[in-house]
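K.L.:
Below: one structure in structure tokens.
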Amino acid sequence: MDGLPGRALGAACLLLLVAGWLGPEAWGSPTPPPSPAAPPPPPPPGAPGGSQDTCTSCGGGGGGFRRPEELGRVDGDFLEAVKRHILSRLQLRGRPNITHAVPKAAMVTALRKLHAGKVREDGRVEIPHLDGHASPGADGQERVSEIISFAETDGLASSRVRLYFFVSNEGNQNLFVVQASLWLYLKLLPYVLEKGSRRKVRVKVYFQEQGHGDRWNVVEKKVDLKRSGWHTFPITEAIQALFERGERRLNLDVQCDSCQELAVVPVFVDPGEESHRPFVVVQARLGDSRHRIRKRGLECDGRTSLCCRQQFFIDFRLIGWNDWIIAPTGYYGNYCEGSCPAYLAGVPGSASSFHTAVVNQYRMRGLNPGPVNSCCIPTKLSSMSMLYFDDEYNIVKRDVPNMIVEECGCA
């Protein structure tokens, strides 16, 4: 019984190391390869940066960790670890299979309308706040995702046009739809109007009512047209009902009263009008009740061997994922390295848990709770905004949690 607390605390240290950063995917392998954001295995005792206070569960003594910048190039194991981490954060089983791209004109139009972004000459997208750094307000309780889905059509049904969209609900999470809109372009053809008159039409958008698959609800909007342009129609109720049914396909029937008489043409799915293809924008919220305690952490500057944060940039082009990740072009994932001597218990931000503080207080008093050593691990993680294609060719914009290591500490 005397050894039980030590063994229990030792197990807690190991569990905290593995589960605290890598997440559930780490349990599939007893010795997962290091990732840029995960704490790398420390050097063996006696090597630079090594310490007898280093947690043995952090990496063992068989050869030191080679930093990415020391490799000259990133090896295959390192790349695979980075890929697994990104996919797990996006809740994807594998990279989306992009066999045919969304028409560039349609994508550019949607991005300009929603994000004031721009497309560079080399085809890359630049959007403010999607630069690979932490998202503004990333530590808040709410995370908002934005999903853009482009229309397909089943053709004409009586006086209505059937549009359908495949809308991802972000890994079947319990999302609450904050706002959802259909964007529809109305084009004016040459038409002789009486002096002082305008073209006024009524657009109706029909969607399936929740709980009644054979019943349709309708959103109506009177549109006063001066020129060709985009118009939005609220469909929040339709998207929320879709998510609650656990479905992905959204069917919308669009009808425009008086359009034909007034030479107004709603643009649907026309190969000659790709830049005006209809699209749906969904803003959804997922609450997060977790609170983080802000701590200060050390930055690795080449002059310290203590636990610190090492910056490291991950380039999506380097790993061959720039075809489905639209923005950013890469991000600072960072990782933790360094030793954790017992006296760090008194340094602000170095003790990352109550468990660590208790163990170190035992040590400072000359007591031995068991063979427990501290590990240098991430103590603060932040979200990052990403814009990417999913398997249904939706453009998804979301704040992805736990992507960037902000601070490191000992546990």
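Cβ from N, Cα, C; glycine included.
Here the structure is a predicted model, which means the values were calculated and not measured.
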K.L.:
Just confirming the record: what cysteine out of C308, C336, C340 does Swiss-Prot connect to C410 via a disulfide?
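P.N.:
That would be C340, the partner Swiss-Prot lists for C410.
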K.L.:
According to Swiss-Prot, which residue among C308, C336 is joined to C300 by a disulfide bond?
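P.N.:
If we follow Swiss-Prot, the cysteine bonded to C300 turns out to be C308.
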K.L.:
If you look at what Swiss-Prot says, which of C259, C307 makes a disulfide link with C376?
P.N.:
C307
K.L.:
Can you tell which of the disulfide-bonded residues (C307, C308, C336) has the fewest other C-beta atoms within 10 angstroms of its C-beta?
P.N.:
C308
K.L.:
I'd like to confirm something. Which of the disulfide-bonded residues, C307, C308, C336, C408, C410, has a Cα closest to the Cα of N97 (N-linked glycosylation site)?
P.N.:
C336
K.L.:
Within 10 Å of C376 (disulfide bond) by C-alpha distance: pick out those among the disulfide-bonded residues C300, C336, C340, and say none if nothing qualifies.
P.N.:
C336, C340
K.L.:
What does the structure give for the C-alpha distance between C300 (disulfide bond) and C336 (disulfide bond)? Integer Å is fine.
P.N.:
9
K.L.:
Using C340 (disulfide bond) as the reference point, find which of the disulfide-bonded residues C307, C308, C408 has the shortest Cα-to-Cα distance to it.
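P.N.:
Nearest candidate: C307.
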K.L.:
Cα-Cα, whole number of Å: C410 (disulfide bond) versus C307 (disulfide bond)?
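P.N.:
That separation, Cα to Cα, works out to 7 Å.
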